Amino acid sequence: MAAAWRGSLRARLMVGVVLLAAGGMVAVNAVSLIGLRLNLIDVADATLAKARTTVQHRMNDQAAPVNSAGLNSLIPDGVYVALVDDHGKVVAQTPARDLNGQPRARPDLPSPVPDSFADPPRTLSAKSAPVPRYRALSFPVGPSATVRPAPGTPPQRFSTVVVAKSLQPGEDVVYWLIGADAAATLAALGGIVLLSRGVLRVGLRPLRDMAATAKAVADGDIDQRIEVARRHSEVGEVATALNRAFDERQRSEEQLRQFVANASHELRTPLTTIRGWAQLHLHGLAQDPELIERAMLRIEGEAARMHATVEELLLLARLDQGRPLAGAPVNLGTLVKEAVGDARVRDPGKPVTVEPAGEVFACGDEDRLRQVLQNLLSNALRYTPPGTPISVGTRALPGDTVELTVRDQGPGMPPETAERIFERFYRGEESRDPAAGGTGLGLSIVKSIAEAHGGTVTVRTAPGKGSTFTVTLPAPR
Ligand SMILES: Nc1ncnc2c1ncn2[C@@H]1O[C@H](COP(=O)(O)OP(=O)(O)O)[C@@H](O)[C@H]1O
Ligand SMILES: [Mg+2]
């Protein structure tokens with residue numbers, strides 16, 4: 001269960017959504033916090049620049065030593081000041097206080113303080129900890145600047161002033177915001193997890209239903225179909241395609257069942273006849289040599305019929321496999337001449353003509369095409385009364401196609417029969433009689449062969465109007 005969940009589409013989509021959302025939120029928060037800090041530093045730098053102007057202004061005005069107790073009076077509230085001599089030594093400094101006047105740690109100044117130590121301004125840490133931090137600016141003052149570090153002590157010269165402003169109030173806000181943002185981000189991600197679980201559960205339900213239906217169909221419940229709610233959604237398209245595959249499978253299974261039933265039936269009739277005659281002989285009932293002769297003839301005849309049926313079934317099975325046929329130029333004119341010659345011998349009472357005659361080449365398998373002609377001609381001989389004229393013709397059509405026609409002026413067929421004659425094992429009413437000899441496979445073989453060549457077969461017929469079978473085939477390139 002756990003492993004299935006880990007690999008599932010739902011889990012992967014959810015992890016993706018959560019990661020994307022978390023990444024997006026962290027990026028937005030980071031950008032706004034960094035922006036806020038940069039802005040804090042800009043504000044501090046502006047305050048320090050103002051302090052520098054004030055200090056420089058006062059120093060220029062004042063020739064007397066600066067009173068260290070009055071250092072704070074030089075600059076705006078909350079700004080730390082250190083006075084540094086030529087050797088980088090701090091000679092006087094203010095205590096550091098926050099905006100409420102509470103004392104706090106002073107910024108860490110290096111000892112000695114180098115020249116231009118904080119020009120441009122820089123960020124310093126304080127003694128106690130990384131927080132509070134300071135923004136510092138140093139600048140030189142004129143050569144006459146002196147300070148009296150304590151009342152009554154001699155004045156000392158200084159050359160550099162360092163002013164610094166605590167970043168703490170702003171940084172407090174930043175740190176508070178980081179905490180608040182983190183909490184809000186986590187809460188939002190929790191919400192997204194819950195929501196996306198729900199949305200994905202509902203959104204992926206059709207896929208689960210599909211899997212269940214497909215499993216049921218595979219397990220043999222072949223009538224089941226997937227319900228398609230929205231045909232044009234991606235899931236709907238998959239469902240429609242699957243339903244079509246199920247339909248197709250059901251259809252071909254039924255076809256196969258029908259085919260096997262028909263084939264068995266077709267073979268059972270001659271087998272019954274053969275067994276009947278054999279048993280007659282075994283029970284000693286066929287003593288008469290004339291009767292024995294008849295039994296043998298019947299057995300031979302039925303075996304031959306079975307043989308023909310099996311051969312036809314094998315041929316159909318081979319054509320069904322869809323293996324490509326030989327594709328050589330075949331002279332249909334020659335095939336027609338041979339087939340017509342055979343037909344005249346078989347049934348001398350029927351005038352068989354070639355119309356139109358001539359050399360027409362098709363691209364295909366000679367043996368199979370001979371079989372097409374034979375099946376069509378033997379039907380024309382079999383299903384027409386004596387003396388019926390039959391004509392066979394070949395023609396090249398425009399556009400790389402050739403046409404073979406077998407026409408008879410026999411009784412023709414009603415439309416309901418004509419519609420079904422290309423079905424396997426279908427036989428017309430008048431030809432059901434086993435003595436007629438057909439199996440109902442002849443025209444389906446013609447159709448399979450024509451289609452295996454990339455061609456077609458059609459019939460034009462009406463009762464009393466004769467029948468015309470037309471096969472189209474590709475011409476050699
Ligand atoms: N030329 C034709 N004239 C009338 N009916 C025909 C003709 N050719 C075929 N048929 C009908 O089509 C059916 C199917 O033909 P076919 O597939 O060759 O099977 P079979 O000849 O074994 O019966 C025949 O049983 C017959 O009823
Ligand atoms: Mg036939």
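From the backbone N, Cα and C atoms, a Cβ is placed for every residue, glycine too.
The feature domain 'HAMP' is assigned by TrEMBL to 201-254.
The domain 'Histidine kinase' annotation in TrEMBL covers 262-477.
Positions annotated as region 'Disordered' by TrEMBL: 94-129. Remote same-chain partners of the region 'Disordered' (94-129), defined as residues 6 or more beyond its termini with a Cβ less than 8 Å from a stretch Cβ, comprise 41, 44-45, 48, 71-72, 77-78, 80-82, 84, 87-88, 135-139, 160, 162, 164, 166-169.
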Per-residue pLDDT averaged over the domain 'Histidine kinase' (262-477), given as an integer: 91
DSSP-derived helix, strand and coil totals, residue by residue, for the domain 'HAMP' (201-254): 38 helix, 0 strand, 16 coil
